[in-house]
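What TrEMBL records for this protein:
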- 23-436: domain 'Amino acid transporter transmembrane' (DOMAIN)
- 24-41: transmembrane segment (TRANSMEM)
- 53-79: transmembrane segment (TRANSMEM)
- 120-143: transmembrane segment (TRANSMEM)
- 155-174: transmembrane segment (TRANSMEM)
- 180-208: transmembrane segment (TRANSMEM)
- 265-287: transmembrane segment (TRANSMEM)
- 307-330: transmembrane segment (TRANSMEM)
- 351-375: transmembrane segment (TRANSMEM)
- 387-405: transmembrane segment (TRANSMEM)
- 417-438: transmembrane segment (TRANSMEM)
Amino acid sequence: MHPASPRAAVASPRVGGSGGSSKAAWWAAAGHLITAMFGAGKPFFRCILGLPYALASLGWVAGTLTLAFITASSCYSAFLLADLHILKDGRRMRTLRGLAREVLGPWGGRTILAFQFTEMLAAALVYTIAGGAALMGLVHGCYGAKGAECASFSYPTWPWAVTFGGAMIVLAQVPDFRSLTGISLIGAVAPVVYAATALASLIAGGPVEGADRTMIRKPTAFGTAMNICQGIGAMAFCYGGQTVQNEVSYSLRSPPSVIQSVRRALTVAFAIITVFYFGVAVAGFAYQGNQVAGNILLAIPYQVPAIIAQVCVLLQVGAAYNVYCMALYHALEEAIVTRGLLPRGVLSRPWLLRLAVRGAFVAFFTFLAAAIPFFNQISGLNGGLTMIPLCFVSPILMTQVYYGAHMPTWRRALDWALIGVFTGLAVVATFGSVYQIAMNADEYQLFA
């Protein structure tokens, strides 16, 4: 372990009015974590909405076991990260990069910083595109079973991405995670509603007659293998709460014990997510077989439930955008204040600093989202390169470096085996994403 450094002792107050108070309750943290993990606009894939297709890509046995393994591993790594929130000397680690710098040294901090910010920047783009697409769907009636019909029409998404970005500039003015609690709880309830709506619609519609319920097979063996890789990646990318877990944990009040509060929040979050992930994945594949769409909401045949689900997608994407970007906002504001990059009149007024920094950030990424609306189709590459190492590998690695010397041999062997497995999964998911990009490259258009 590397010696303590003042830079990593993140108990100092935040600048720019970002808020360093730790007064949130455990249920607020659970809301933040559910919003960050559970959703339709989740970076890199549609997450729960694409799980039935992912399960069909692997088949019943391999798909169910893979999803169970990834769920258990994500839960395990999240609880390990919770235990690392307070170091042996009693300091609370406010950020994941600060924790990495403390445990792994400067190179660790820089590596995690690069992974975390790359993922967050990609999230800002993908959420803006997903939010714009949800808005466009509501306006043009492209929801539920009608969504597939709208694919034949060339409705531009960039005006709606700009509209969504304007709303995000307003929501970005919320100072910190504690103040974001209400928005985050809406973001936590919304995916539960649209997942329950999808489940109910599948059950009400009944099984598709004659559907093949074996794994999806492409015309070539190589194509089938690549589809399996993408399915594994889709499952892994559904878990990413570790990216913001430290910031969420730092918002918790003490007493009671912060670690106990984080564990309670994680328990509730994973319990809810697991029920709906498995419910939607199994029901989608069981009722529709390998004809299941990549977005299970396209299976909703009724107009009112389809509209409700589409509205909930929009609400969840808007909330998740701010949960994911809050840590990035704080880092940008701190860097700007430390270096004096804006006039003193702006730096001395927290609300004006937020308006300038966050407004410029959202505006820039809204422009990028409008310019490259196909980014959500290629961002799976970023998921394999950064999200899996960040959320699955790094918590286990830091635990081994910090506590490994005092662990039994079997525990060290288990942790290093998991590190190896998820490093391999990152390679598999990246390879599958590269293949998908190559297959769809002709469809990519700017400002479409």
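Cβ from N, Cα, C; glycine included.
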Criterion met for the transmembrane segment (351-375) and the transmembrane segment (155-174) (at least three Cβ pairs under 8 Å): yes
Stretch of maximal Cβ-Cβ contact with the transmembrane segment (180-208) [cut-off: under 8 Å; candidates 120-143, 155-174, 307-330, 387-405, 417-438]: 307-330
Folded-back contacts onto the transmembrane segment (265-287), same chain, C-beta under 8 angstroms, at least six residues removed: 26-27, 29-30, 33-34, 37-38, 48-49, 51-56, 60, 63-64, 67, 71, 74-75, 78-79, 82, 191-192, 195-196, 198-199, 202-203, 205-208, 213, 238, 241, 248, 296, 299
Cβ contacts under 8 Å made by the transmembrane segment (417-438) with residues that lie 6+ beyond its boundaries: 73, 76, 226-230, 232-233, 236-237, 377-378, 380-381, 383-385, 388-389, 392-393, 396-397, 400
Spatial neighbours of the transmembrane segment (155-174) far in sequence, C-beta under 8 Å, 6+ residues away: 128-129, 131-136, 139-140, 142, 180, 183, 317-318, 321-322, 325, 329, 351, 354-355, 358-359, 361-363, 365-366, 369-371, 373, 447-448
Surrounding residues of the transmembrane segment (307-330) on its own chain - C-beta under 8 Å, 6+ positions past either end: 14, 18, 32, 35-36, 38-43, 95, 116-117, 120-121, 123-124, 127-128, 130-131, 134-135, 137-138, 143-144, 164, 167-168, 171-172, 174, 176-177, 180, 183-184, 186-188, 190-191, 193-194, 197-198, 243-244, 247, 297, 300, 354, 357-358, 361
Same-chain residues near the transmembrane segment (387-405), Cβ under 8 Å, at least 6 residues beyond its ends: 1, 43-44, 73-74, 76-78, 80-81, 83-84, 96, 99-100, 103-104, 108, 112, 115-116, 119, 236-237, 239-243, 412, 415-416, 418-419, 422-423, 425-426, 429
